[in-house]
Amino acid sequence: MELSLTRVDYLQVGLTSPRCLRVLPSSTPKTQQKVVVGDQDGTVQLFSMKRGEVQNSFTTTSPKAITRLELGGALGTVKDKVFVSSGNEVRGYTKKGKQFLGFDTNLTEEIKSMYISGSDLLVCGDYVYNHYHDCQDSNYFLAADRINDIISLPAEKMKSLVPVLACEDRLLRVMKDSEVLYSVELPAPPTSLQLFYNDGGENGDQLLYGTSDGKIGLVQLGRGSAVHRWVSEGGSGTSGRVGGVTCMDHHDLTGDGVRELVVGREDGQLEVLAYEDGEEAPPTLRFSMSCSESVTAVQGAVVGNTGYDEVVASTYTGWVFGVTSEPMDRHLSSESGVVQISQDSKQKIQRLRDEIDDLQQRVLKERDQYQAATQSTFPGISAVPFFSVNDKMSLSRNDASYLLSLEVQTAIDNVLLQSDVPIDLLDVEKNSAVVSYSTCDPESGNFLLATYRCQANTTRLEVRIRTIEGQYGTLQAYITPRLQPKCCQVRQYKIKPLSLHSRVHSFDSTRPYNTLVLRGQFTLPEIHAWVVFCLPELPERTPATTQAEFTFISTFLDTQLHCVYSAGEAIFKSDNISTISILKDVLTKEATRKKVRLDISCEVSEDSVVHALHLLHPRLEAQLMLAKQVSLIEALRELGCHEADTSFLSPEYQHILDNADSLQAQYRKQPCHLERLYGMITDLYIDKFKFKGVNVKSQVPHLLEILDNYGSLSIQHLVNFFQA
């Protein structure tokens, strides 16, 4: 059964950070509750709704942005105390607005995530975790990678404090005092944590996590290890990719006694999922809506009207709204076939009209004053307005592409993309902007110049990019909002030499590997900086150990790369010789720039080349088949126009005709896929003989001829050519 929910806007505050909205619990069920929200202007306000009007209970301000808002209270009592983090300070307020706590944590980093459990305060910066008991420093931990969220299993059920850190290196770190009790490997970087059913389940040891690529999973945390219960791909989009999870909550929206899971995502999707089979299987989607801007917080509650459950949410630009189960037609009555609006609704509409008229008059007055100032003898100086940009560039494993998301607090006029390396722009279904390309001069280091012109009221733009490994440089985005006077902000994104590699935890040692060994007078921070320059998803901070070890997988080809390095020595293993070749060239260049002398040795495996060709074979075969099918579509359609019955066609041609639209859509999504595969095979051929000191570029036309006729030849012909 699908849910029927309707959006109702309540108010707009300043820009909001994730998890900065909470609903205070009520003493009796189904009665109206109060909402507290903090924004990046430093304002905290608690409000309730009365007859459709916002009633402010208290408002307080801080000089710094509110980065997290939590509710707390003594264990076993109602959590009705409001705690906010701002800078490195934590403040506490009663529900009447009286401040009872002002605690300076003295952290060197700003607080990014926080959790309250009784008298225990857990706070995290980017890399530092601190535990305070009764405002006394109890435990401390320095993480190897960025901390995205923190939570604690319920102390009432666990009989002790069990903090859990969600870290960027795809790990959940279960803490005991200042040590990591054990780590839980996840399929993607976790971005949000939530207790299962809001209380950890029957034993309090079940935890939900949301990831940066949209997955939702349930883990059961034991005393010394964890059990993965299920992982859901999630999402309601048709593009095959969903936004990262920013927030989660549980609430019974249907009144059947079973709480649903409410999820907010980076791409603006707000979803309600139901546990059809309890905790044994992933929940199923019951409701979804798009907010056109990222959702920063969700909470199930009763806010708008008594007796009607809803989801209260906040967005990046500060909209606070409810998605309510209250039927909107209850304010309408029908007499003699004529729809009548209730008196309350009429008054509300009139108040909105009066407010709009007042705002329009104020805008006209300010505009006249501005024009008068600029035309006077001493013209006024226009101040360049500052606007905040929430941007992120993340690698998608599904299609080996990057998703660049740009979100601005006001409407976007246009975005100009410029790149000094060759990249491809792919279609994004949610994108309504019109793109136009300008001619570029590659010899001057300019390979891309594209302008996205956005429609009115567009505050979020998504661009999908595919890079070429071995080509590295900078992508720049010039963001121009609809503001006067005209202004622009520039954001830069590094495209790394091995940009399509992604972090993993497992390493398959049975594959045939090529090995690159570097030795020289370099320190651990130096070699780590060089590796960070080459590979994505690595922490900028130097590892605290004497030796660093990382494993990567190619999202395009599924080959692996294993890196082990320490001061004076670095060893790289890969089953793709082109990966080793790129690493050798870039690291040698970086060492030369730093004037560090390197002793380089390479061990090439002939079997790894055949292994890589067998990995490429199914992709090449599928792309050639797709290209062939798309080339036949127009001819078959023309034949279908002249023939009433096309049953005489072979099953292969009939399949192409029946699925023409989906085949063309699939081909449009991957416009340069075949050329990329050709390029990878060519690079593999050149790199194989480069390590032997042989230049085989004159043989490339013969190789391309074999690839063009690949459909009629077996992979063995290609292998024989490589081994000749």
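Placed from the backbone N, Cα and C atoms, the Cβ positions cover glycine too.
Nobody curates TrEMBL annotations by hand; they come from automatic prediction.
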(Q) Need the matching range: TrEMBL marks coiled coil on one of 237-271, 342-376, and I'd like to know which. (A) 342-376
Q: Provide the three-state DSSP residue tally for the domain 'BBS7 GAE' (385-493): helix first, then strand, then coil.
A: 3 helix, 58 strand, 48 coil
Q. How many helix, strand and coil residues does the domain 'BBS7 platform' (501-603) contain under DSSP?
A. 28 helix, 38 strand, 37 coil
